[in-house]
Structures are given as structure tokens and as C-alpha cells.
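TrEMBL has this to say about the protein:
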| type | residues | note |
| --- | --- | --- |
| DOMAIN | 1-132 | domain 'Myosin motor' |
| REGION | 7-29 | region 'Actin-binding' |
| REGION | 280-299 | region 'Disordered' |
| REGION | 312-345 | region 'Disordered' |
| COMPBIAS | 312-322 | compositional bias 'Basic and acidic residues' |
Amino acid sequence: MLYRESLNNLMTMLHKTHPHFIRCIIPNEKKTSGLIEASLVLNQLTCNGVLEGIRICRKGFPNRTLHPDFKHRYAILAASEAKSSDDPKKCAEAIMSKLVNDGSLTEENFRIGLTKVFFKAGILAHLEDLRDDKLSTIMTGFQATIRWHLGLIDRKRRMEQRAGLLIVQRNVRSWCTLRTWEWFKLYGKVKPMLKAGKEAEEMEKLAGDMKTLQDELAKEQKLRKELEDSSTKLLEEKNGLFTNLEATKGQLSECEERLSKLEALKRDLDKQLDELNERLGDQEDRNADVSRAKKKVEAECENLKKQIQDLEMSLRKADSEGNPKTTRSARSRTRCSNRMSRSPS
């Protein structure tokens, strides 16, 4: 039954872990539970390479940790070295150097790589033990400090309580002494008589205080009346200022209305000015056209005058030669030219 349960547990573990190979070790050849033949087991471990693997593993560095993880977990072993740099690799080197100097490790137990710290077999467990011891020391010191602080608080409370008890005891002893003292009894009998004199003094004092208060009350009433007069005057000034303000607002409204009218008038005048400028431009264009036409007519007149002069010269020449037909034709051309010269004007 036990064998079957062990076999079921083994099969369950194999199904959960998905191993690549399985090594079976026979504890004894008699198939008896609880009996282990050491020579048989050692021979099997030697033959299947387990011992050789363990030996190789112990000579190598099977355990490894990233630099940031190493710094985070084992900084407690060398706190100042862990804070010496922001580079996790340099911090790991400083921590391991501190452990080597303290004699907790040797340089053969570890190697520092580019991204990881490599340890020989068992060294990482040794570091965990060192870390647990350090934590235990810190917690012990912390608890001791807390207990010391609580002890100081309790001592202060006890000292205050003791001082209070001493005062109470001193007062009780004084009362016990005075209770049987004759002079104290006499003081008890005379004290009511002294109270009457004190009452008279208190009445005189109260009367003086009352007179002082009455004088202060009169001053306060006078000051109050002055303040009321000032308040009335200020209120009248305020009303006058409000009246002036309303009048100023009315004048401001009139000014704004006049300003609006002036702005409207200005816009109309600007519009008329634009129209006049436009008309002036058109008139200037027409004047320019008339000037060009005038110049053209003057040029034609000059040409006609020149032609007339030429005709007159021809006419005089014809008169001098005595050719009547030529003279008539020249005169007719002269009259035609004169009419043409008079027609444009």
C-alpha cells in the first residue's frame, strides 16, 4: 500500500513537472521499505553520473544572480558600499570586497561577470545565513532601543508620581502640625473679624472702580456722539457725492449722445468727401481729355496757318506772274483754309 502511494505521488510529480529524463535509484535488492544499502546506492549514483555532476557543479559556479537583484537583497551586508554608486555592478563589486575583507568569503568563492554575480555551490546559502544574522542583529538592536525608550518614559512617569506623592505627604504633615497649634486656632477665630475689614476695603475699592468706570463711560459716550456726528457728516458727503455722480452720469450720457451724432456726421462727411474725391478724379480725367484735344486742335491750327502762309506766298507769286486762273484757285483755297481755321474756335 505504501509502495503504491509512493508510486502515485511520483507519477503525479512527473506529470506536473514535465522532466526530460528520469533517474531511478534502487535502495536495496530485497524490496524492503526503510532499508538502504549504501554501497548499492553509491554505485548507482556513480554509474549514472550524479556524483560526477555534483563534483563538476562544486568546481564550477552553478548559482548566479543579476547585479540589481544582488544589490537589492544583500545591500544589508554592506550598506555604505551599496550606496557608493548608481551602477549595480560597481555596487556588487564593493559589497563582495567588503565581505572578502571581513573574512566572510574568499575570492575563489565567486566571480563577477558583466551582468551577473556567479557563486560556487553553497556560497549563496552562506550569504543567506549572513543576511539572516545581520537582520537578527538589527532587529535585536531595534527592540533594545524601543525598550530603552519605553523605560525612559516609564521612569519619567514614576519620577513625576514620586514628586506628587512627596508634595501630598508634606502638605498632610503640615496640616497635622497646624491642627494642634494654638496660634493657628487663634488665627481661625480672628480671620472672620478680618474679613469684615476686608469687605469695607473691597467696598471702597469697588466704589473707586465704579467712579472710574463712570468716567470711562462718559468719555465713551462723548466719543460715541462725536463718531455719530462724523458719521452723519460723512453720510451727507456721501449723498452729495452720489448726487454729483448721478449728474456726471447724465452729462456723460449727453456727451456720449453728442459723440454718437458727431461720429455719424463724420461718417456722412467722410462719405461726401469720398464722393467729391471721386467726382474730382472724374473731372481731372475729363480735363486731361480736353487738354489733349486742345493740344491736338492747336497743332492742326498751326498746320493750317502754315498752309495759309504757303498759299499766300503762292498767291503773291501768282499775282506777280499775272496768271488769273491760278490766282482765283489760290484765293479759293485761301478762303477755304480761313473757314477751316475759324470753324474749330
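Including glycine, each Cβ sits where the backbone N, Cα and C put it.
Summarised by DSSP class, the composition of the domain 'Myosin motor' (1-132) is 79 helix, 11 strand, 42 coil. Per-residue confidence over the domain 'Myosin motor' (1-132) averages out at a pLDDT of 84.
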